[in-house]
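Trainee: Below is one structure. I have some questions about it.
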Amino acid sequence: MKMSVSLALLILYITYKCDALVITQMIVPSHVQRGSDFVLRCLYDLDGDSLYSVKWYKGSHEFFGYVPKETPQFRVFPWSNFTIHYDEKEIGKIHLKSITREAEGRYKCEVSTEAPHFNTDYREENLTVYDIYSDGPSMVGNPTNDLKPGNQLRFTCSFRKSRPKPILSWFVDSQETVNKVESRYVMESSLLSTDKSSNNIVGNGNSPGTMELWSAESELSIWPTARQLERKFLNVACRAVVLNESIYQRIASTNVTTASAFSSVQLQQQVHQQRSRTSSISSSDNSRSGNSGQVSASMASSHHSRDSYSAASKGQGGSSNARPIVVLLELWLFVVGLSAVLLS
């Protein structure tokens, strides 16, 4: 009998809880940059009950409340010097404008119903405020135009002023490396603004706070391997990440010329010079060959004329008185041929 009563009560309790108020969704961004805006949303299902209140808390501090049976229905209790707006059409939707460091923390949405159930449900989420003053990492080093085996490369990467700490990492030819890496962090403090705006509901800002800003510096020392030196360039990169890669990531990189690339350039220059010399020699040889051909042709023409005249003389009887004339004619033809060669 007792077991039956207990089971019945359990069923009633489960049924009651299943039919009760429930917060279906709570939207709080995980990371927000200082000075920006963001939205909080609290969605709920009353399951037929009447709403008593919707409240937002930052930590233990209530900063927004909606109670439909009170006057005024909407109330804001700011805790810092940034603007808080509420949406009258969507109860539980809050806009926070130009946030400061104090916006960081744990947020809670609490929803309650009227009698007879007086149910209450709540959910909580964390929010982190980050800040970045740097345009990205800067990198300096001792690159050389003739990197050879045994040479040491040293680079320094720096990133100034962010919160939280920036994480610096090194990559050589797109591969992350921890070879001889030394990192240092320096914390700086800056006063938060206490300015107010009379046109908005803002925080009291009675006491200025401080924001911790971090600067980082990392040094890399590497001795490139023989395989790395086979390529024309060695790429060295420094990456800065704040929080995670999806929130903030910037990369600075440089290419270092290896001895292989330097030798290749020299070899190409030598090949070009050799081809130029070969081309000049070939042109000179062709010129001389052409002149030799002209000399041979002229000499052949001279001999042909001389032979033709000799044959004609013999055909006429070959008088001994014509011999001196033949010699003079041969000499004249030789001189004419030689002159033609020299003039060409």
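Keep in mind that glycine also has a Cβ here, set from the backbone N, Cα and C atoms.
Pulled these from TrEMBL:
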COMPBIAS  273-293  compositional bias 'Low complexity'
COMPBIAS  294-313  compositional bias 'Polar residues'
DOMAIN    19-128  domain 'Ig-like'
DOMAIN    137-177  domain 'Ig-like'
REGION    273-319  region 'Disordered'
SIGNAL    1-20  signal peptide
Trainee: Give residue numbers and ranges for long-range contacts of the domain 'Ig-like' (137-177): same chain, 6 or more residues beyond its ends, CB-CB under 8 A.
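Mentor: Same-chain residues near the domain 'Ig-like' (137-177) but 6 or more away: 34, 128-131, 183, 185, 188, 211-224, 226, 228-229, 231, 234-243, 248, 250-254, 256-259, 262.
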Trainee: Kindly state the mean pLDDT of the domain 'Ig-like' (137-177) in the predicted structure.
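Mentor: Within the domain 'Ig-like' (137-177), the model's average pLDDT equals 85.
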Trainee: Kindly report the helix/strand/coil residue split of the domain 'Ig-like' (137-177) according to DSSP, in that order.
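Mentor: Split into helix, strand and coil, the domain 'Ig-like' (137-177) gives 0 helix, 26 strand, 15 coil.
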Trainee: Tell me the residue counts in helix, strand and coil for the domain 'Ig-like' (19-128), as DSSP assigns them.
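Mentor: With helix first, then strand, then coil, the domain 'Ig-like' (19-128) has 3 helix, 60 strand, 47 coil.
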